[in-house]
Amino acid sequence: MQLTNRSKQVSNKEMTLAERAYLPAIATGLAITIKHFFSKKVTIQYPEVKRYLGPVFRGRHILKRDAEGRERCTACGLCAVACPAEAISMVAAEREKGEENLYREEKYAAVYEVNMLRCIFCGLCEEACPKQAVYLRHDEFVPVFTERDQVIWGKDLLVEDMNNRYTREAWTKEEARALDAKRASGEVTNVVPRAIP
Amino acid sequence: MDLVEFLVKTVTIVAVFGLTLLIAMYSTWAERKVAGFIQDRSGPNRAGWGGLLQPLADAGKMFFKEDFIPALANKWLFIAGPSLAMLTALLASAVIPFGSTFRIAGHEVALQGVESNIGILYVFGVVALGVYGIMVGGWASNNKFSLLGAIRAASQNISYEVAMGLSLIAILMMSSSLSLGEIVAQQHGMNWNIFYQPLGFIIFITCSFAECNRVPFDLPECETELVGGYHTEYGSMKLGFYLFAEYINMFISSAIISVLYFGGYNYPGMDFVYAQLVKSFGPDTGHNIATLIGTAVFFGKALFFVFFYMWVRWTIPRFRYDQLMNLGWKKLIPLAIFNIIITGAAVLFLKPVITAWLN
């Protein structure tokens with residue numbers, strides 16, 4: 001069976017003098033390596049240059065607000081149940097009068113915490129959520145933490161900033177590059193990654 | 001020996017010593033850079049511009065690591081091993097002629113640590129001693145892998161020294177001098193030995209790869225078989241010295257190759273350049289500038305061979321041990337003897353004919 005046309009028949013024939021001398025083979029090898037010496041390098045200078053990881057990359061969590069800026073989460077706990085790493089915990093509270101512009105429904109999460117050491121970024125919380133409240137961002141990682149109190153992220157870090165809304169705009173690499181260019185020229189501001197604490 | 005001569009010699013030796021160390025230090029950086037470039041990477045580029053401070057960072061790391069000596073190791077010899085390796089590696093640089101002479105206030109100062117009329121013999125003696133550093137270190141470690149690595153190194157060095165010496169004899173037959181300065185002076189202009197001794201050059205460079213324990217002959221530290229080879233038990237700056245000694249050896253042997261086969265500080269058209277410089281700058285300054293150009297040419301050649309060492313390292317896989325021994329004893333030694341016979345015949349019969357024809 002032939003899978004590619006690059007296969008070579010193995011042979012045990014006697015080597016010629018040139019082959020036994022080994023030096024021509026070394027010269028060929030040296031020519032190949034020196035060609036690579038001058039070729040373009042594939043390295044991406046990471047902290048300065050970041051690769052676009054695609055629209056379905058699962059980065060850090062975000063708790064979405066709706067179009068009027070009200071929190072979507074109703075603290076139903078389905079994400080916590082779905083979480084295989086048991087990273088999510090929450091405390092529910094009832095909405096008071098006058099808080100209708102803050103929370104979308106009568107019940108909301110007074111405390112919503114994700115333990116970033118436990119989280120395995122599987123995205124099951126995203127799938128379980130009936131209110132489209134929790135998402136894993138495709139454009140931001142959880143930054144490296146050096147202190148214990150940076151591990152558990154509360155609502156202060158998770159809830160969406162209305163001035164800097166998270167939209168998954170670029171679905172292809174080309175779109176992402178176009179968006180990057182727009183971001184650099186200042187045309188788009190809402191997709192700039194939020195400053196991470 | 002008067003005081004001036006003593007001071008001049010001291011300064012030259014210290015300069016040669018420092019230069020050798022500096023080049024060896026940046027060889028470690030260059031090795032990683034070359035490795036990166038050949039593998040389509042960019043190599044170290046974080047410490048300083050283009051990673052130029054990387055050797056300092058590495059040395060700093062080495063110094064601050066725990067200086068560990070295994071309980072059952074022979075302590076005295078364990079320390080003597082890397083010291084010997086470093087000592088013998090540095091000794092050989094003393095006789096290499098880096099350039100012709102400087103004229104300072106009427107004195108002729110040779111750009112050579114010691115002008116010895118047995119220069120190449122001295123280099124050979126010191127290089128042969130180099131195996132002690134590895135052998136002593138490997139034995140003192142009291143570790144089977146270290147010992148095996150050391151034994152491999154010893155047998156490999158002894159085997160390849162034979163072929164190396166034999167390939168050198170052909171050169172000595174042509175130069176009829178053991179002095180490195182004299183051998184270089186004879187290759188004036190473009191009269192390089194490589195054109196007369198291509199086979200000898202191939203044998204010599206192969207043997208110098210083996211003597212330096214470089215790929216494809218780096219069996220003494222063959223990781224897949226021997227953990228780390230003779231320096232398995234070494235850490236901290238003692239390991240650093242072993243690795244550093246390898247790079248010094250590399251530079252020394254590159255320098256020796258360019259002295260013996262590529263004319264050292266000679267380059268085509270040097271007489272013309274010398275005449276022009278003397279005419280425009282006067283006999284002293286002109287002479288000094290010409291010497292500097294020659295030295296630069298010498299370093300260009302030597303550093304090219306250092307690069308060649310690295311280039312080969314990232315191209316060829318390691319030999320198997322029996323292949324190594326077969327190549328040394330069954331191929332290179334007969335070839336070297338053949339080369340001696342050819343050279344002898346040429347010197348005896350061909351040279352008079354050609355000289356007569358040219359006149």
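Positions of Cβ are set from backbone N, Cα and C atoms, glycine also.
Long-range contacts of the domain '4Fe-4S ferredoxin-type' (A:64-93) within the same chain: residues 100-105, 107-116, 118-120, 122, 124-125, 127-135, 159-160, 162, 165-166, each at least 6 residues beyond the stretch ends and with a Cβ under 8 Å from a Cβ of the stretch. For A:64-93 (among others), the entry in TrEMBL reads domain '4Fe-4S ferredoxin-type'.
Residues annotated as [4Fe-4S] cluster 1 binding site in TrEMBL: A:CYS73, A:CYS76, A:CYS79, A:CYS129. In the three-state DSSP assignment, the secondary structure recorded for A:CYS79 ([4Fe-4S] cluster 1 binding site) is helix. With a 10 A radius on its CB, A:CYS79 ([4Fe-4S] cluster 1 binding site) counts 25 other CB atoms from all the protein chains.
The Cβ of A:CYS119 ([4Fe-4S] cluster 2 binding site) has A:HIS61, A:CYS83, A:ALA85, A:ALA87, A:VAL142 as same-chain neighbours under 8 Å, each 6 or more residues away in sequence. Residues or ranges marked as [4Fe-4S] cluster 2 binding site by TrEMBL: A:CYS83, A:CYS119, A:CYS122, A:CYS125.
If you look at the domain '4Fe-4S ferredoxin-type' (A:110-139), the same-chain residues 6 or more away from its ends with a CB under 8 A from one of its CBs are 53-64, 71-76, 78-93, 104, 145, 151-155, 158, 166, 168, 191, 193. What TrEMBL lists as domain '4Fe-4S ferredoxin-type' is A:110-139 (among others).
Mean pLDDT for the domain '4Fe-4S ferredoxin-type' (A:110-139) in this predicted model: 91.
Distance from the CA of A:CYS125 ([4Fe-4S] cluster 2 binding site) to the CA of A:CYS73 ([4Fe-4S] cluster 1 binding site) is 12 Å. Sequence-distant contacts of A:CYS76 ([4Fe-4S] cluster 1 binding site), defined by Cβ-Cβ distance under 8 angstroms and a gap of at least six in the same chain, are A:LYS107, A:PRO130, A:LYS131.
The C-beta environment of A:CYS129 ([4Fe-4S] cluster 1 binding site), restricted to residues of the same chain at least 6 apart in sequence and closer than 8 Å, consists of A:LEU78, A:CYS79. Shown for the domain '4Fe-4S ferredoxin-type' (A:110-139): DSSP residue counts in helix, strand and coil, namely 5 helix, 9 strand, 16 coil. Of the listed binding-site residues A:CYS73, A:CYS83, A:CYS122, A:CYS125, the Cβ environment within 10 Å is emptiest of other Cβ atoms at A:CYS122.
Taking the centroid of the Cβ atoms of A:CYS73, A:CYS76, A:CYS79, A:CYS129 as the [4Fe-4S] cluster 1 site, the other same-chain residues with Cβ within 8 Å of it are A:THR74, A:ALA75, A:GLY77, A:LEU78, A:ALA109, A:CYS125, A:ALA128, A:PRO130, A:LYS131, A:ALA133, A:VAL134.
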